[in-house]
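Written out below as C-alpha cells is the structure these notes cover.
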C-alpha cells in the first residue's frame, strides 16, 4: 500500500438500523436502540514508509479548576470534597496532519475523571468559533485519564449531579478552557516531524480487581493470555525533522486510584505523576507545567484493573477479602479495601507512576445500573449494605426506588437480566435525562496505528476482544500489521463494558454496564464496520446520525455559595499562624500555616493562579527564584475551613533528597471575598511569606 493522505469523515447511525444491516441479534437491537455513532477515520500510511513525515503539534494547559468544596469525581462519594491541592491537572493536546495540512486529527488526554458529553459539546463550540471547520466532531478525540481526584460538576445528565452537587460552572469552564488552550498551543507549534511506535511490558503495577468475573470468560480464551490484565504499554513518540523529541502519548491499562476515597487533595494520581516525571526530565530547568515537551499517559481498557497490588483485605482485621462479594466477616463490604504497593496512598501513587514512567522512558438496552453499582469496588467501597455480585434485588431498596423514582418497566428488567436494576436511568427524564442515549464512537488511524476511542471503561477481556476484532477486520481487507490500541473514556461517559460472561456474575463493572449484557457485541460490530470502511476506502458511504442534545440545564447546583472571608482579630490575610523552623535537612517536611481564604475565590476569578511557591535565595544577585510551585509533587496545599468565614491554609514541602543546600522561603497566594455596602462583592488578592529557613546537607 502506498502513501495516503489522512481523511476525516463524520458519520452517525441509529444503532438499530446499523444492527439490522449487519445482522446483530435482535436482543442487541433493543439494547442499543437509541445509541448513535460518530465515526472518525484516518487512512493508512504503510509502516515501511519510514520517510513519511507529518505536521505535528503539541500543547499543555492547566485545567485544574476549584480545589475546595467541590466534590471529587470518581468514587461517587458525596463526602469526598476538595480541600487542597497536591498536583495541578493538565490537558495535553496532540495534532497530527499531513504535510499539505489538508487533513488533521487532534488527540487530547486530560487529567480528569472522564469526558462528559456536555464538556465535549462546549469544547467543540469554542473550537468552531476560533477555527471554523478546521477542528470538528469527526477529527477531535477527547480522552480522560480517569483520575478520581479531580473536581466534578461538568455533566449535563442527572445521574452525575447526585454526587457532584449539580452543574458547577467554574469546574466545567476550567476544563473547557484548558482543553481549548492546549489545542491552541499545539496548533501554533505545528512543525514537520515523524512518529514512532514502541511497546513494552509493565510489571508489578496492576491487578485484576474482579478476578472472579474474569474467570467466567471461556477457558480457551483465557489460555491465550499469560495474565488476567493487559501488561503491555504502547507508546507513540513524536520527533521533529532534526530528531529532537517533541512529545509522546502512552497507553496503559490501569485505574488511577492509588489515591483512595479518603483523599481530599486535587491531583492527577499515578498516571499524572508519570507525566510529571517525564516532562520534568525532558524540560530541564523548568517548573512543572512549563517547557515544550509534552508527555501524556492516557487511559486504555482499565475497567477491571487496579493499581493497588497488595490486593483487598479487611481494614479492621487485616484478613483477605478476596471473595466474589468483596465482603468482610465483620463490617461487610465497607471494610474491604485494596491498597499498595506503598506504605500509604501517596507512596503508592509515586511507585506506580514511577513504574509507568520508567517503562515509557526505556523505549444496548435503555441505560440502567444494577445493585452492585452501589457497592463500589475494592478501590473505593460504596455505601449502605450493597455488595458486589448481586443477581437479586433488595426489597427494601427496590421499594424506596419505586416510590421515589418509579419502577423499571418489564421490558427493561428482561433486557438487563440477570442484572437486578437499582436505577432504570434510561426511563428517567426528570429534571433531565439521567444517561446519554447518543454515543460518539471513533477510530483514528495514523500510519500503522489505529486508535479506538471508546466511550467508557472496557474490562481487560472486553478490550482484548475489541482489539482482536478490529485487527482482524483490517487484516482481512488488505491492511495488515496495524497496531491497534484502545483509548479509554473518550468523548462521552457510558460507565463500563464487560464481556457477556462477566456480566452474568454482576460485580461492580457488570452492574455498571448500562446498556445490558450484549453491549460489547454491539460495540464490536460498530468498530468492525469502521475498520472495514477505512480499509476499503468507503467512509463516504457512511450516513450521518443524530446530533447529541445540548441540554438547557442552566446553572443548577447544590454547591454552597461563596461567602465573605473573615480573619481573626489583629490578623490579616496571609499572616503566618505557625512558622517554619530555622533549619531543615533533605527528606524532612517544612510546614507553615497562614491565615487563609477560600481557594474557590481564586479559581472562579483568576486563571492559571499558583497557590504557593518555594523560593531559593541567590546570594550573587541577592534575589529569590522559584524552584517549586503547587504543581510539584513535593508540595502540598491544605485548606481548612473554620467557622464564621474564617479558614487556614497549611503548606507542606517534602524536601527531596537531592535538594541543593541554601536559604529558602515559602509564599502563599490567595484571594479573599469582601462584601461592599451596595450588596456587591469584590475579590481582593493577597499573599503571605514564611520566615526564611536553611536547608543543610544530610
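Each Cβ is built from the backbone N, Cα and C atoms, and glycine gets one as well.
Annotation source TrEMBL lists active site, nucleophile at 306. Positions annotated as Zn(2+) binding site by TrEMBL: 146, 255, 457, 496. Look at TrEMBL and you will find 54-361 tagged as domain 'Neutral/alkaline non-lysosomal ceramidase N-terminal'. Sequence annotations record features per position, and here TrEMBL assigns domain 'Neutral/alkaline non-lysosomal ceramidase C-terminal' to 528-695.
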Item checked: Spatial separation of residue 255 (Zn(2+) binding site) from residue 306 (active site, nucleophile) - C-alpha basis, Å -> 5
Item checked: Cβ-centroid neighbourhood (8 Å) of the Zn(2+) site, 146, 255, 457, 496 excluded -> 299, 302, 303, 456, 488, 489
Check: How many other Cβ atoms are found within 10 Å of the Cβ atom of residue 255 (Zn(2+) binding site), counting all protein chains shown?
Finding: 27
Notebook entry, point to check: Over all shown protein chains, what is the count of other CB atoms within 10 A of the CB belonging to residue 146 (Zn(2+) binding site)?
Noted result: 26
Margin query: At a 10 Å cut-off from the C-beta of residue 496 (Zn(2+) binding site), count the other C-beta atoms across all protein chains.
Written below: 23
